[in-house]
Amino acid sequence: MAIRYYWPMVAAAVGFRLVLVLFGGDLHLASRPEVSTPLTSLRRLAEGYWLKQASMSPYSGSMYHGSPLLLSVLGPLTSNRSGSKHAHVYCRLQMSRNRSLKSLDLTKAVNNSANVSAGDIASLIYLWNPWAIVTCVGSCTSPIENLMVVIMVYGACSCLAPLAAFGYVMATHLSLYPAILIVPVILLLGYGPDAPPTKVFLVKSSSDSKSDMSEYDKRTSLKLQRFSWMTVLHFIFWLIIWSCYVLLLSSMILKKVGGLNEMFEKTYGFILTVKDLSPNIGVLWYFFAEVFDFFRSFFLIVFNMNILFMVLPLAIRLKHRPCFLAFVYTAIVAMLKSYPSAGDSALYLGLLGLFANELAEMQFTFFLFFGYIGVSLLSPVMHNLWIWRGTGNANFYFATGLAYTCLQTVLVVESVGSMIKHDRKLRLLVTS
């Protein structure tokens, strides 16, 4: 069932963005630590582009730590910055991501007209999400990374191996953390998107005697349980092709001004070692600013491996819901990555809308909703008290980051628990 007045709401969201882009220059969102990070800042990209134009390595001076491909695509837009001309590009990128989210309508697998279109809900949540809006107006590179992740998920749900491989390679190239999404992508390509009613009915069919099952039901059961290895091999083939192509382009861009070794050290190495301790909405900057240097290597291993430790248990428990598994992975990455931003939250909150029907009975929604609003309002206030007014200290701003991390933890735990309860109820209804 489609949402009434969907397209007017989409047009209003786009118009609101354009108004902020044209008349919101005094907000200075590009300098906010909640919006821009050392990896996504457009000012750092402009510095790297200037160094490259001066026949120097864009990674000199530890200023730029992004992809060399972004220097060629976005670099010319930063050379003549006049207000917010280049911000229209981010509006188009966010509209592309909105169309991709709308196409990820998981309710098509459920022939129930009472369900509201999940794709419409996800796209509206993304378009009217305040963090997505400030990311667009703040002109950082987070929308590009989010777009690549959505393209990857869309390609996997549609069994388009070349498109899924392209999105995966580009998302991993721009930010290291989407590499763990290889698990839900393979599950999506092998088994298809989430289809709980069909898979639950297989439990009912298996409980019946084989004599009661028709030949068509048996063929359908075998077809649904079979893993499509050819699609996965096709994806791996295109994964290798796109990886070689991206590395070739990067080497050509960095020719005579650096190399691939320096690129890996200044991008992936910079992410894993957390060298920049400038404040952000995460907690690692404060932790590594306080920890002794003798224990720094140990805690770097602990925090980086913490993400990997969650991959296999969640994949085993949620293997029948690979698209929801992708949402859980993106939320965990946004919570534990070294340089988080508001764009990371805009990504997983948009994906959360795809499961509005399954998570309708999720608990603590009131607490989570107003908790996110409170953190969004208190974070700039605490930063102002600490940096500009001098009436606070780093603990003020770190408290908001800690509350933000706790809210994300509650969201992940409650969403996974609600999805498991939803599947259990379906199984009980079918077998009863």
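Note: Cβ is positioned from N, Cα and C throughout, glycine not excepted.
Listed features, source TrEMBL:
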type     : residues : note
TRANSMEM : 147-169  : transmembrane segment
TRANSMEM : 176-193  : transmembrane segment
TRANSMEM : 227-248  : transmembrane segment
TRANSMEM : 268-288  : transmembrane segment
TRANSMEM : 294-316  : transmembrane segment
TRANSMEM : 323-339  : transmembrane segment
TRANSMEM : 367-388  : transmembrane segment
TRANSMEM : 394-417  : transmembrane segment
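Here the transmembrane segment (367-388) does not touch the transmembrane segment (323-339). Their Cβ atoms form fewer than 3 pairs under 8 Å, with each pair 6 or more residues apart. With a threshold of 8 Å between CB atoms, the same-chain residues lying at least 6 positions outside the transmembrane segment (227-248) that come near it are 69, 159, 161-162, 164-166, 168-170, 173, 185-186, 189-191, 260. Most Cβ pairs within less than 8 Å of the transmembrane segment (268-288), among stretches 147-169, 323-339, 394-417, belong to 394-417.
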